[in-house]
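Copied over from Swiss-Prot:
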| type | residues | note |
| --- | --- | --- |
| TRANSMEM | 17-37 | transmembrane segment |
| TRANSMEM | 59-79 | transmembrane segment |
| TRANSMEM | 101-121 | transmembrane segment |
| TRANSMEM | 130-150 | transmembrane segment |
| TRANSMEM | 170-190 | transmembrane segment |
| SITE | H179 | site 'Twin-His motif. Important for optimum substrate conductance' |
| TRANSMEM | 214-234 | transmembrane segment |
| TRANSMEM | 258-278 | transmembrane segment |
| TRANSMEM | 286-306 | transmembrane segment |
| TRANSMEM | 307-327 | transmembrane segment |
| TRANSMEM | 342-362 | transmembrane segment |
| SITE | H346 | site 'Twin-His motif. Important for optimum substrate conductance' |
| TRANSMEM | 374-394 | transmembrane segment |
| REGION | 426-516 | region 'Disordered' |
| COMPBIAS | 445-491 | compositional bias 'Basic and acidic residues' |
Amino acid sequence: MIPLQVDPNVVAQGVNYVWILVVSFLIFFMQPGFALLEAGQVRAKNVGNVLMKNMTDWALGVLVYFVVGAGVATIVGGLTSPGGFDVAAAFSYIGDSGAWIDWLFGAVFAMTAATIVSGAVAERMDFRAYVVFAATITGFIYPVVQGLTWSGGLLSGSGYLGAALGVGYLDFAGATVVHMCGGVAGLVGAKMVGPRKGRFGASGESQPIPGHSMLLAVLGTLILAFGWYGFNVGTQATVLATTESGGLEFMGAALGRVALVTTLGMGAGAVAAMVVSTNYQGKPDPLWMANGLLAGLVAVTGAVPHVTWWGGLVLGALGGAIVLPAYRWTVDSLKIDDVCGVFAVHGVAGAVGTALIPVFAVGGFSATQLVMQVAGVGIIALWTIVASAVVFAAAGTVFGLRVSEEEELEGLDIGEHGVSVYPEFIGESGPDRGVGTRAATDGGNDVRTDGGNDVRTDGGNDVRTDGGNDVRTDGGNDVRTDGGNDVRTDGDVVGDNGVAVTEGNDSAAVDGGENQ
């Protein structure tokens with residue numbers, strides 16, 4: 001019997017490409033994580049709009065990135081390096097089946113950058129304007145950043161700046177290329193669209209607008225953390241390598257370092273944020289801990305193979321510790337209503353973590369590398385600010401960036417999409433009632449539970465249990481048990497002064513940290 005002859009290179013390539021496919025699917029699973037995280041941090045009347053934007057980010061984004069984005073990245077890489085470029089070659093992946101796995105891996109990163117923006121502009125941006133920006137960030141803004149870095153452009157070792165300094169920009173899995181790009185773009189969008197109604201008082205003081213579900217926000221955070229292993233560990237794309245003797249070598253040490261630093265950064269960020277929020281508010285806040293966990297991950301995303309394990313722990317802790325101060329600076333000083341705190345979580349943490357890589361590098365400190373890191377962070381941020389401002393301004397000119405005041409008050413679910421994620425809060429459709437019409441709240445009208453028909457249990461009069469105050473059971477009408485103060489079950493609890501608070505903790509917030 002002739003022994004089976006196997007080419008080690010073929011085996012290694014096959015295993016590595018299967019690995020890339022698997023982690024690409026894992027990174028895709030971050031999309032529902034983003035959807036849940038953002039949905040939990042907005043009010044119930046805007047959840048459908050959040051879900052629509054997140055689905056659009058992916059569905060439209062992959063089409064644009066396939067037709068345009070990936071090619072733009074290659075062209076920018078050639079334009080900003082001595083190598084030059086060929087337009088036809090830049091788009092050759094479209095017809096090359098051998099390049100499609102690599103394209104998919106790049107696409108899931110591009111979609112992440114786009115999705116981050118949604119959380120900053122939630123609850124007031126016109127959907128058409130958002131679609132324009134989503135298409136542009138995946139087709140042009142992010143691909144330019146990719147071209148400057150990962151596609152061999154300006155900041156890479158072979159790019160003009162990298163060659164001049166003798167070192168290339170270090171960002172392993174996209175702390176700045178993906179996350180800071182998305183976070184800065186979100187900040188620009190939030191500034192240009194303006195704050196939500198009621199977000200700031202007459203004298204400019206912060207007025208928290210709590211989201212409707214801490215549960216969804218934390219669940220989304222944990223799903224994102226799970227997908228992040230694909231993001232970071234998956235970027236270590238070589239699982240098997242060939243040796244000089246023709247054998248195969250498992251790259252366990254490299255994979256292990258990335259996995260360990262990712263995990264330590266995640267944990268350190270969460271604990272640091274818990275400590276800071278406790279010091280700031282007097283009690284540990286679950287949402288701030290969730291934000292710190294994500295910020296810790298962002299902070300180490302660019303650093304995971306380059307720093308020591310303890311360096312990763314420190315970077316993660318820094319990322320988590322600065323989330324609350326960065327958010328408060330954004331809201332209190334800049335007066336920007338960043339609903340989900342994406343600039344603090346993705347922008348600031350990504351910039352700090354990537355800039356400090358040389359300080360904790362495995363090979364020791366390098367001043368030249370530090371210069372490159374700081375320059376790279378600045379260049380990426382500057383490009384993102386300018387490009388995003390132009391696109392948002394253009395979209396605003398054509399469509400208007402913001403929905404009407406009436407639509408914002410009613411909720412974007414009804415105004416933009418004609419749906420409600422929680423129909424029991426607002427009544428059902430029926431022959432005499434349009435979809436989304438609120439159930440009556442005028443002290444004697446009908447309680448409806450059957451799509452529009454009247455349900456009465458006392459011969460026609462309203463059910464009363466408190467000597468005259470109305471008790472309603474349709475998930476959105478007023479329940480009165482105290483002689484006058486309204487208790488609502490549609491996400492807001494209203495006290496004597498009409499200010500919405502959260503149950504059990506009137507300073508807690510679930511909208512990215514909007515605490516007094």
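Each residue, glycine too, has its Cβ placed from N, Cα and C.
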Proximity of the transmembrane segment (214-234) to the transmembrane segment (130-150), 3+ C-beta pairs under 8 angstroms: no
Applying the under-8 angstroms CB criterion, which one of 17-37, 101-121, 258-278, 307-327, 342-362 scores highest with the transmembrane segment (59-79)? 101-121
Roughly how many Å separate the Cα of H346 (site 'Twin-His motif. Important for optimum substrate conductance') from that of H179 (site 'Twin-His motif. Important for optimum substrate conductance'), to the nearest whole number? 5
Any chance you could find the range in 101-121, 307-327, 342-362 with the most Cβ pairs under 8 Å to the transmembrane segment (374-394)? 342-362
Which residues, given as numbers and ranges, are at least 6 beyond the ends of the transmembrane segment (130-150) yet have a Cβ under 8 Å from it? 53, 56-57, 60-62, 64-65, 67-70, 72-77, 79-80, 106, 109-111, 113-114, 117-118, 121, 156, 159, 169, 171, 177-178, 181-182, 185, 189, 376, 379-380, 383-384, 387-388, 391-392, 394-395, 398-399
Other parts of the chain folded back onto the transmembrane segment (342-362), taken as Cβ under 8 Å at six or more residues beyond its ends: 116-117, 119-120, 170-171, 175-176, 179-180, 182-184, 186-187, 190, 269, 291, 294-296, 298-303, 306-308, 310-312, 314-315, 318-320, 322-324, 326-327, 330, 336, 369-370, 373-374, 376-377, 381, 512-513
Under 8 angstroms, Cβ to Cβ: which one of 17-37, 170-190, 258-278, 286-306, 307-327 has the largest number of such pairs with the transmembrane segment (101-121)? 170-190
Based on Cβ pairs under 8 Å, which of the stretches 17-37, 258-278, 286-306 lies most in contact with the transmembrane segment (170-190)? 286-306
For the transmembrane segment (286-306), could you work out the same-chain residues 6 or more beyond its ends whose Cβ comes under 8 Å from its Cβ atoms? 37, 41, 170-179, 214, 217-218, 221, 224-225, 228, 231-232, 236, 254, 257-258, 261-262, 264-274, 276-277, 312, 315-324, 327, 341, 344-346, 348-350, 352-354, 356-357, 360-362, 508-510, 512-513
Could you list the residues of the same chain, at least six apart in sequence, whose Cβ is under 8 A from the Cβ of H179 (site 'Twin-His motif. Important for optimum substrate conductance')? T112, A113, I116, V298, T301, H346, G347, A349, G350
Determine the Cβ neighbour count for H346 (site 'Twin-His motif. Important for optimum substrate conductance'): the number of other Cβ atoms within 10 Å of its Cβ. 34
